[in-house]
Amino acid sequence: MAETAAEAGIAEVGIIMGSQSDWPTMKHAAEVLDLLGVSYEKRIVSAHRTPQRLYDYAAGARERGLKVIIAGAGGAAHLPGMAAAMTPLPVFGVPVESRALSGQDSLLSIVQMPGGIPVGTLAIGKAGATNAGLLAAAVLALSNPVLAAALDDWRAKQTAAVAEIPKDEA
Ligand code: RP5
(Lines of atoms letter the chains of each structure in order from A and count residues from 1; the text may use other names and numbers.)
(Lines give C-alpha, C1' and ligand atoms only; values in the text may rest on other atoms or scores of the structure.)
Protein backbone atom coordinates (compact mmCIF):
# COMPACT_ATOMS: atom_id res chain seq x y z
CA MET A 1 0.00 0.00 0.00
CA ALA A 2 1.30 3.44 -0.91
CA GLU A 3 2.43 5.58 1.96
CA THR A 4 0.63 8.83 2.55
CA ALA A 5 2.77 11.95 2.31
CA ALA A 6 2.58 12.27 6.09
CA GLU A 7 3.80 8.69 6.58
CA ALA A 8 6.61 9.26 4.11
CA GLY A 9 7.70 12.40 5.95
CA ILE A 10 7.05 14.63 2.95
CA ALA A 11 5.52 17.98 3.83
CA GLU A 12 2.49 18.92 1.74
CA VAL A 13 1.97 22.33 3.31
CA GLY A 14 4.65 24.94 3.86
CA ILE A 15 3.96 27.39 6.67
CA ILE A 16 6.24 30.37 6.28
CA MET A 17 6.39 33.56 8.31
CA GLY A 18 8.39 36.74 8.29
CA SER A 19 9.66 36.55 11.86
CA GLN A 20 9.84 34.47 14.98
CA SER A 21 7.36 37.00 16.38
CA ASP A 22 4.75 35.69 13.90
CA TRP A 23 4.85 32.15 15.29
CA PRO A 24 2.33 32.66 18.14
CA THR A 25 -0.17 33.48 15.39
CA MET A 26 0.97 31.01 12.76
CA LYS A 27 1.07 28.08 15.17
CA HIS A 28 -2.72 28.03 14.95
CA ALA A 29 -2.43 26.96 11.31
CA ALA A 30 -0.01 24.23 12.37
CA GLU A 31 -2.33 23.06 15.14
CA VAL A 32 -5.26 22.52 12.80
CA LEU A 33 -3.04 20.65 10.34
CA ASP A 34 -1.82 18.47 13.22
CA LEU A 35 -5.41 17.68 14.18
CA LEU A 36 -6.26 16.69 10.61
CA GLY A 37 -3.09 14.66 10.07
CA VAL A 38 -1.72 16.90 7.31
CA SER A 39 2.06 17.00 6.94
CA TYR A 40 3.65 20.42 7.02
CA GLU A 41 6.93 22.23 7.53
CA LYS A 42 7.44 25.60 9.18
CA ARG A 43 10.12 28.14 8.30
CA ILE A 44 11.03 31.74 9.04
CA VAL A 45 11.40 33.33 5.62
CA SER A 46 11.50 37.11 5.55
CA ALA A 47 10.86 39.01 2.34
CA HIS A 48 12.97 41.87 3.66
CA ARG A 49 15.60 40.37 5.95
CA THR A 50 16.24 37.07 4.12
CA PRO A 51 15.22 37.70 0.49
CA GLN A 52 17.50 34.99 -0.92
CA ARG A 53 15.97 32.45 1.49
CA LEU A 54 12.53 33.46 0.25
CA TYR A 55 13.60 33.10 -3.39
CA ASP A 56 15.08 29.65 -2.81
CA TYR A 57 12.07 28.50 -0.78
CA ALA A 58 9.35 29.69 -3.15
CA ALA A 59 11.11 28.87 -6.42
CA GLY A 60 11.76 25.29 -5.31
CA ALA A 61 8.52 24.66 -3.42
CA ARG A 62 6.63 22.68 -6.08
CA GLU A 63 9.63 20.54 -7.02
CA ARG A 64 10.10 19.60 -3.35
CA GLY A 65 6.53 18.26 -3.21
CA LEU A 66 4.72 21.04 -1.41
CA LYS A 67 1.10 21.48 -2.52
CA VAL A 68 0.03 24.61 -0.64
CA ILE A 69 1.85 27.48 1.04
CA ILE A 70 0.53 29.41 4.03
CA ALA A 71 2.40 32.68 4.48
CA GLY A 72 1.98 34.94 7.49
CA ALA A 73 3.50 38.37 7.94
CA GLY A 74 2.85 41.66 9.65
CA GLY A 75 3.32 45.34 8.88
CA ALA A 76 4.62 45.87 5.35
CA ALA A 77 3.67 42.26 4.72
CA HIS A 78 5.22 41.42 1.36
CA LEU A 79 5.94 37.76 2.08
CA PRO A 80 2.71 36.15 0.77
CA GLY A 81 2.69 38.19 -2.44
CA MET A 82 6.38 37.67 -3.17
CA ALA A 83 6.04 33.95 -2.51
CA ALA A 84 3.03 33.81 -4.84
CA ALA A 85 5.06 35.59 -7.51
CA MET A 86 7.65 32.81 -7.48
CA THR A 87 5.52 29.66 -7.26
CA PRO A 88 2.46 28.36 -9.07
CA LEU A 89 1.24 26.72 -5.84
CA PRO A 90 -1.80 28.17 -4.07
CA VAL A 91 -0.70 30.70 -1.46
CA PHE A 92 -2.85 31.67 1.49
CA GLY A 93 -1.85 34.86 3.27
CA VAL A 94 -2.36 35.49 6.97
CA PRO A 95 -2.14 39.12 8.12
CA VAL A 96 -0.41 39.10 11.49
CA GLU A 97 -1.68 41.64 14.01
CA SER A 98 0.94 44.39 14.09
CA ARG A 99 1.67 46.51 17.14
CA ALA A 100 1.41 49.89 15.41
CA LEU A 101 -1.73 49.45 13.31
CA SER A 102 -3.40 46.33 14.74
CA GLY A 103 -2.88 44.36 11.54
CA GLN A 104 -4.72 46.75 9.21
CA ASP A 105 -1.38 47.40 7.52
CA SER A 106 -0.73 43.65 7.21
CA LEU A 107 -4.21 43.01 5.79
CA LEU A 108 -4.04 45.71 3.16
CA SER A 109 -0.47 44.75 2.18
CA ILE A 110 -1.54 41.17 1.58
CA VAL A 111 -5.00 41.54 0.09
CA GLN A 112 -4.30 44.16 -2.59
CA MET A 113 -2.48 41.96 -5.08
CA PRO A 114 -2.34 43.00 -8.72
CA GLY A 115 -4.45 40.92 -11.10
CA GLY A 116 -2.55 37.83 -12.26
CA ILE A 117 -0.79 36.82 -9.04
CA PRO A 118 -3.36 35.66 -6.49
CA VAL A 119 -3.02 35.39 -2.74
CA GLY A 120 -6.01 34.01 -0.87
CA THR A 121 -6.16 36.44 2.04
CA LEU A 122 -7.51 35.41 5.43
CA ALA A 123 -8.62 37.37 8.48
CA ILE A 124 -6.16 39.18 10.74
CA GLY A 125 -4.57 37.06 13.46
CA LYS A 126 -5.53 33.73 15.02
CA ALA A 127 -8.80 33.25 13.10
CA GLY A 128 -6.97 33.82 9.85
CA ALA A 129 -4.21 31.35 10.71
CA THR A 130 -6.73 28.70 11.75
CA ASN A 131 -8.73 29.21 8.59
CA ALA A 132 -5.60 29.11 6.44
CA GLY A 133 -4.91 25.66 7.88
CA LEU A 134 -8.48 24.58 7.17
CA LEU A 135 -8.34 25.94 3.62
CA ALA A 136 -5.04 24.22 2.93
CA ALA A 137 -6.57 20.98 4.20
CA ALA A 138 -9.65 21.52 2.03
CA VAL A 139 -7.48 21.90 -1.07
CA LEU A 140 -5.61 18.68 -0.28
CA ALA A 141 -8.90 16.91 0.55
CA LEU A 142 -10.04 17.32 -3.07
CA SER A 143 -7.74 14.41 -3.94
CA ASN A 144 -7.62 12.69 -0.56
CA PRO A 145 -10.85 11.01 0.65
CA VAL A 146 -9.37 10.17 4.06
CA LEU A 147 -8.58 13.82 4.66
CA ALA A 148 -12.02 14.83 3.34
CA ALA A 149 -13.60 12.56 5.95
CA ALA A 150 -11.38 14.04 8.67
CA LEU A 151 -12.49 17.53 7.67
CA ASP A 152 -16.16 16.47 7.76
CA ASP A 153 -15.57 15.01 11.21
CA TRP A 154 -13.83 18.20 12.42
CA ARG A 155 -16.80 20.29 11.31
CA ALA A 156 -19.32 17.93 12.89
CA LYS A 157 -17.45 18.13 16.21
CA GLN A 158 -17.35 21.92 16.00
CA THR A 159 -21.10 22.02 15.41
CA ALA A 160 -21.77 19.60 18.28
CA ALA A 161 -19.68 21.76 20.62
CA VAL A 162 -21.88 24.85 20.20
CA ALA A 163 -24.32 25.13 23.11
CA GLU A 164 -27.86 26.15 22.33
CA ILE A 165 -28.36 28.17 25.52
CA PRO A 166 -25.81 30.73 26.71
CA LYS A 167 -24.68 30.69 30.31
CA ASP A 168 -22.96 33.17 32.61
CA GLU A 169 -19.15 33.24 32.38
CA ALA A 170 -17.37 31.79 35.42
C1 RP5 B 1 7.44 41.36 9.46
O2 RP5 B 1 7.69 42.31 10.41
C3 RP5 B 1 7.17 40.11 10.22
O4 RP5 B 1 6.26 39.31 9.50
C5 RP5 B 1 6.61 40.57 11.53
O6 RP5 B 1 5.19 40.43 11.60
C7 RP5 B 1 6.98 42.03 11.58
C8 RP5 B 1 7.80 42.40 12.79
O9 RP5 B 1 8.92 41.55 12.86
P10 RP5 B 1 9.89 41.59 14.11
O11 RP5 B 1 10.45 42.98 14.19
O12 RP5 B 1 9.02 41.25 15.32
O13 RP5 B 1 10.92 40.53 13.86
O14 RP5 B 1 8.49 41.17 8.58
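Counting starts with 1 at the first residue shown.
Every residue gets a Cβ built from N, Cα and C, even glycine.
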Given TrEMBL lists Ser19, Asp22 for substrate, the same-site residue among Arg49, Arg53: Arg49
Cβ-based neighbourhood (8 Å from the centroid) of the substrate site, residues Ser19, Asp22, Arg49 excluded: Met17, Gly18, Gln20, Ser21, Ile44, Ser46, Ala73, Gly74
Which same-chain residues, if any, lie at least 6 apart from Arg49 (substrate binding site) yet have Cβ under 8 Å of it: Gly18, Ser19
Neighbourhood of Asp22 (substrate binding site), C-beta criterion under 8 angstroms, separation at least six: Ile44, Gly72, Ala73, Gly74, Val96
For Ser19 (substrate binding site), the number of other Cβ atoms found within 10 Å of its own Cβ: 18
Most distant Cα pair in Å, residues Ser19, Asp22, Arg49 binding substrate: 14
